[in-house]
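Inspection log for the structure reproduced underneath, given as structure tokens.
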Amino acid sequence: MTSSSRSSLRSAASQSLSALAVFLINVTTGMGLGWSSPAWAKLTEVGAGGRADAGFLLDVNEASWVVAVYDVGIPVGSVLAGLLLGSLGRRRTLMLSPLLVLAASALTFEARSSAALIAARVLMGTSFGLDLSCSSLYIGEIAHSDTRGKLCTFTTSLVFVGVLAEFVIGPYVAYPTQALLPVAPALLSLAVFLLWAPESPYFLASRGRVDEMRRALARLRGVSAGQHSAAVDKEAEDILRATESGKRRSRAPWRNLVSLTDRGARRGCLIVLFLCGTGPMVGTGSVVAYGEYLFKTTGSGLSADMSAIVMCSVQVLAGVASSQVIDRAGRRPLLLGTALVNACAMAGAGVFFFIKDALGKPDAAAHISWLPLASLMLFMVSTNLGTTTVPWVMIGELLPQQSKALVPSLSVLAFSVVAFATNKLLPVLGQHVGLYLPFWAFGAWSVLVFFFTLILVPETRGKTLLEVQAMLQGKPADGSLSHQDAEVLQEEDLRRQQQDAEDPRAPSSAPRRERW
């Protein structure tokens, strides 16, 4: 093995070890998301090995509150991350997430009332909000360009691994044991952060801690203490230039942060807010949260817990496959195709519950008891190939630069509100009306997503940001720009950056075309 190969291997190993701390957080937050499915019976049924056997029995309404408040914690964690990232740094902000998981696990273990469980679920949701806001940012700033894409892909996939772990282990252990399942990965994450993972070099550079930045970068690139590396020196200088440029742009007036006077900016923000903010309306989170509850109502030959395991296993595989498909098939075709498949899958599951609940013909429904599992497996494959992954990828492509500080946070807030509503209402509607109603509502929303995408969402694969913004403003459908148009936009952006650097308080003399 050559010296260059050994250096590359050490660099990849060091970055992967640092990223491991984040990956373990992804697993724990996934376990928090998947906890409710096997825990539902333990809270609502006597003889299920849970708190109900000790007299702590919840009705459907109380238990649905316990499940739904998880989503209340997500925007809390997102806001907390926004407040702390600039002062504590990426590493220490992320370390709060496993600490919250440990506190939530202890509270769940000791809970003797629905109020205690609700508090525990809010803490777990806050941990997920922190993870959602910080994990990709930290990995993106510590990873080399050669490994950044691969490492970032795992952050979403490992959340589903945590959900699968709950589905596989949760049904077969008692309530106290299930409550403590996230403890081991949370402690291991803290250990990796404390013993190895450094602070982001970009954050250290932005705070003027140049010597610490160089040491952190050297560790991440596998360079031993005391050794000199020209590649590390060059990368350190690039980071310093990038952070200095970012400081100059940050001095721009607040009016440049969110500007919706431009047609392209309005369209880009609308697409992101709709697709990301209303994502739970297609039903993914509700199906995961109530997996066993749903399958128990079907009377299928396959047990409810095994059906949930099969469904979640398919979800994990589809999540891994999505990273390989998105750059080949394109964003728009994936959104259109998966929206239609989602609608058909939810319609199929709704038919079963309509026959069983609304028509009152359980015997007829028993002949198609395979339909809900087949429909939900198809649904999970479809959503993870497009509907739940593509919108978050497109945030960086569709939003104008001045809107990236606010619109993603608004999307997370809207996502949390919608997820809370769907998770709270699903079992209540199932008890009082029938499960066919929420399933058909999820399917109808997927149809709406299809037409929204067809009318408003452009294809961004292989396009530069200039071309994407031109498309949003009504330029040619293929996103092409003339050489002259590109030069005009580039020159305008350069003029504004120079003006902000020289005198950020001065009004812009450039034409009133919005800078993207």
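Using the three backbone atoms N, Cα and C, a Cβ is placed for every residue, glycine included.
Residues or ranges marked as domain 'Major facilitator superfamily (MFS) profile' by TrEMBL: 14-461.
Among the features that TrEMBL reports, transmembrane segment is placed at 65-86 (among others).
Sequence annotations record features per position, and here TrEMBL assigns transmembrane segment to 151-173 (among others).
Residues or ranges marked as transmembrane segment in TrEMBL: 179-197 (among others). Sequence-distant contacts of the transmembrane segment (179-197), counting only residues of its own chain at least 6 positions beyond either end whose CB sits under 8 Å from a CB of the stretch, comprise 17-18, 20-22, 24-25, 27-28, 31-32, 91, 94-95, 97-99, 101-102, 104-105, 108-109, 142, 162, 165-166, 169-170, 173.
For 269-290 (among others), the entry in TrEMBL reads transmembrane segment.
TrEMBL lists 302-322 (among others) with the feature transmembrane segment.
If you look up TrEMBL, you'll see 334-355 (among others) marked as transmembrane segment. Long-range contacts of the transmembrane segment (334-355) within its own chain (CB-CB distance under 8 A, at least 6 residues past either end) are made by residues 275, 282-283, 297-298, 325-326, 361, 364-365, 368-369, 371-372, 374-376, 378-379, 382-383, 385-387, 390-391, 434-437, 439-440, 442-444, 446-447, 449-450, 453-454, 457.
What TrEMBL lists as transmembrane segment is 367-393 (among others).
The transmembrane segment feature in TrEMBL is assigned to 405-423 (among others).
According to TrEMBL, the feature transmembrane segment maps to 435-457 (among others).
Feature annotation from TrEMBL assigns region 'Disordered' to 476-516.
Sequence annotations record features per position, and here TrEMBL assigns compositional bias 'Basic and acidic residues' to 492-516.
Same-chain neighbours of the transmembrane segment (269-290): 33-34, 36-37, 40, 67, 70-71, 163, 260, 311-312, 315, 335, 339, 342, 346, 376, 379-380, 383, 387-388, 390-392, 394-395, 398-400, 403, 407-408, 410-415, 418-419, 422-423, 426-427, 438-439, 441-442, 445-446, 449, 452-453, 456-457, counting only residues six or more beyond its ends whose CB sits under 8 Å from a CB of the stretch. For the transmembrane segment (302-322), same-chain residues at least 6 beyond its ends with a Cβ under 8 Å from one of its own Cβ atoms are 34, 37-38, 156-157, 160-161, 163-164, 167-168, 171-172, 287-288, 291-293, 295-296, 373, 376-377, 380-386, 389.
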